[in-house]
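What TrEMBL says about this one:
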TRANSMEM  B:6-23  transmembrane segment
TRANSMEM  B:44-64  transmembrane segment
TRANSMEM  B:123-145  transmembrane segment
TRANSMEM  B:157-179  transmembrane segment
TRANSMEM  B:191-211  transmembrane segment
TRANSMEM  B:243-262  transmembrane segment
TRANSMEM  B:274-299  transmembrane segment
TRANSMEM  B:319-345  transmembrane segment
TRANSMEM  B:366-386  transmembrane segment
TRANSMEM  B:392-416  transmembrane segment
TRANSMEM  B:423-443  transmembrane segment
TRANSMEM  B:449-469  transmembrane segment
Amino acid sequence: MNKPNLNKKDPRFKIANREALVGIGLVLFNFIWWYGFAYGLGSQDVNEYNYVFGFPAWFFYSCIIGVTIMAILVFIIVKFFFVDVSFDEEGFEDK
Amino acid sequence: MNWHATISLFGSVAIIFIIGLFASRKSKTSTSFIQDYYLGGRSLGGFVLAMTMTATYGSASSFIGGPGVAYNEGLGWVLLSVTQVATGYFTLMILGKKFAIITKQYNAVTMVDFLKERYQSKWVVVLSSFSIVIFLFSAMAAQWIGGGRLIQSLTGLSYDGALFIFVITVLIYVTFGGFRAVTLTDSIQGTIMFIGTLVLLIAVIIAGGGVTEIMTKLQVENPNLITPFGADGTLTKAYVSSYWVLVGVGVVALPQIAVRAMSYRSTKSFHRALIIGTIVVGFIMLNMHLIGVFARAVLPGIEVGDKVMPLIALDVLPPWVAGFVLAAPLAAIMSTVDSLLLLVSSTIVKDIYINYINPNVTRKKVQILSMSITAILGIIVFLLAINPPDLIIWLNLFAIGGLEAAFIWPIVMGLYWDKGNRFGALASMIVGISSYILFQAYYPDPFGMHTVVSSIVLSFVSYIGFSLVMKNRIQ
């Protein structure tokens, strides 16, 4: 009952599947970074907090650096590991 | 009433509108009205795609409700809110190229189209259309309220009057403009949101005497404000982490987001959108909520959370600039509302009317029908929003969780698991929605995590279970 026009061997799907896995990897990394710094540094007594640029260290590393690192990672991964495919016909674009 | 701020606010909004209407005029040449009105002819570029995702997702809750809660809870709420940076890359990467390729093969215009072709089941279509209409209605009401509140605190008009102005402006241009007008204005609105956030952040830091000064003040008032655990220590690790599901990865399943993931022109635009989207979403979510926290040190004692943003902007900025900056949340709300309106309207016209009631309808009739349904829907939501609850964020999150519980597995597994079938999809939607509603009503936040987590787990089990058990019934 599956779609007749849904070609399972379409080489573009292999690329798509790999890139979806990259997305899962990125989000796991993002979560671990976020959780580690927030609760690793943030759970101690408030009076013991260290500060970076005025922010509590847990917040600075977990949120500010966390968001920055994700933006850089996404940039690198997309630029160097994501592949252009054509949407018009089967197969790849000649590029 | 603050005339300068009011004039520059409405001036900014008017310019956005004129561009939107101009764009929709230009787009009238294309062949299929449905493809064009609801999907912009699948021709979005990278910048427009990134901005329309941001502007659609960044809504009243991120600009009005969210910072209001951050004002009360402190840095813990900012920690919770930055989980949304995941929406910038995860959604597009997961749906990614596969979704665009398949929806193009299916010739799908809406998310329901995709589900219909993938599962070949009338019941899947009916159930998904139904849940979209129900849940997005409550989401829209939340946005209307945010817009009304914002105009109210700036102009001093009554809430009803402010709401009315807001609704009229949105309705006029969504009704006539369609998706392309919406996405184009979205990119202007996204840009305003970005610049507005930056300007306000700097102004608040200066008004507070620097970050160190602000943190010291907060610590003196209540040390919990600068911990990750919230003002009275109630934001637990498990609860805050569960927002990764609600506002991070689960966003994949929101129809208004998914429809954008099928509307781009080429993988080049897609790649650019990933990069721009991550930067813009991360920047806005982090800083908007941070502004809410800082505002507590600058302007203590604000009672209604939703009013924090407008009041702080008027306090720390010259009125002209405040008006422009406040155009950012107003823009965010409008762009969310217009996308939701279009989506509900497309669900009714395309997924229900054309599929099951009258498949041979003429182009002219579809056009009139689409526009009038869009307009009627807007008016109904307006009537719902006249009597609003205090913190719009909860209303909005309720709708988001419900849609995620319903759609995440039928979409994601439908794309990546060939054995998934209509029984799995139906079971998963029914279990997802009903467990979400029941948990919310009788046993909120099981295991200390947001309700959506338990519902998504249950709907996953149902999808796999029913797909495997019923596989012999397919054919």
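Any Cβ shown, glycine's included, is placed from N, Cα and C.
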The transmembrane segment (B:366-386) in contact with the transmembrane segment (B:449-469), cutoff 8 A, at least 3 CB pairs, sep 6+: no
Chain residues outside the transmembrane segment (B:44-64) and at least six past its termini with a C-beta under 8 angstroms from it: 81, 84, 87-88, 91-92, 142-143, 145-147, 149-150, 182-184, 186-187, 189-191, 193, 251, 254, 256-257, 260, 263-265, 268-277, 280-281, 284-285, 288-289, 306, 309, 328-329, 331-333, 335-336, 339, 392-393, 396-397
Recorded stretch, among B:123-145, B:191-211, B:243-262, B:274-299, maximising Cβ pairs under 8 Å relative to the transmembrane segment (B:423-443): B:123-145
Surrounding residues of the transmembrane segment (B:274-299) on its own chain - C-beta under 8 Å, 6+ positions past either end: 46-47, 49-51, 53-54, 57-58, 62-63, 66-72, 74-75, 77-78, 81-82, 84-85, 87-89, 92-93, 190, 193-194, 197-198, 200-201, 204-205, 207-208, 213-214, 217-218, 221, 225, 308-309, 311-312, 315-316
